[in-house]
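S.K.: Input: one structure, supplied below.
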Amino acid sequence: MRLFVGVEIPADIAADLYPLARGIKGLDAQTPENMHITLKFIGNVDPGLAAEIDQALAKIAFEPFDLRVQGLNVFASTQKIRIFWAGVTEQPLMRQLAARVESALRALEDGPDMDMRNFTPHITLGRNRNAARATIEQAVADHGDVSSRTFTIDRFCLYESHSTADGPEFRVVAAYDGTDGPNGTGDTQNFRDDEAFLERKMLGEIE
């Protein structure tokens, strides 16, 4: 299972952001359904560790907070722009939540090998396949003042990433509201049902 932790973006805001990348030739635009803000990338883990991660995340307390999309930017090397993204307003409570997620994962005895990059809150709009640098830079210049309505983050999610012929797909397998423990949102049990299925499959009980 390839996992990461993130927060969801309202559907209407994601739909408004989609055309910014969709019109750039050579850029693989992120579908609105896949848009999110990553708090921590975890990577590939076995089903047993996935269950431990779920339990650790369910214990995290946090305060809901407000965000707003603000501006465009890129992640780039000297040779190539890699990611075209939208930023969000600075929010200390989100940074606090990201830090608590990382701390909870690091506390696991046999925890995952995690991405060590600094936390830069962003919404990926597109991944560069062969778009010209100048084209993406022009899009940033033309739409750099993009913003959205304010929206509230009152839960965070554990996502599973699947590779498909049309690109990655992200599925929420558990969600946590920080107040009512493992079953606060009703979604965590769904993940544990998936976990039981995966364990049975690995044992050969299910084809």
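Using N, Cα and C of the backbone, Cβ positions are placed for all residues, glycine too.
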S.K.: Per TrEMBL, which of 36-39, 40-43, 116-119, 136-139 is motif 'HXTX 1'?
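M.R.: Matching range for motif 'HXTX 1': 36-39.
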S.K.: Checking feature assignment: motif 'HXTX 2' per TrEMBL, candidates 6-9, 62-65, 122-125, 150-153. Which range matches?
M.R.: 122-125
S.K.: With Cβ-Cβ distances below 8 Å as the criterion, list the same-chain residues six or more beyond the ends of the motif 'HXTX 2' (122-125) that contact it, or say none.
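M.R.: Same-chain contacts beyond the flanks: 9, 14, 17-18, 20-21, 29-30, 35-37, 69, 72-73, 83-88.
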S.K.: Could you put numbers on the helix, strand and coil content of the domain 'Phosphoesterase HXTX' (7-85), residue by residue per DSSP?
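M.R.: Across the domain 'Phosphoesterase HXTX' (7-85), DSSP assigns the residues as follows: 27 helix, 30 strand, 22 coil.
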S.K.: Please give me the CB contact count at 10 A for His122 (active site, proton acceptor), counting all chains in the structure.
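M.R.: Taking every protein chain into account, the count is 20.
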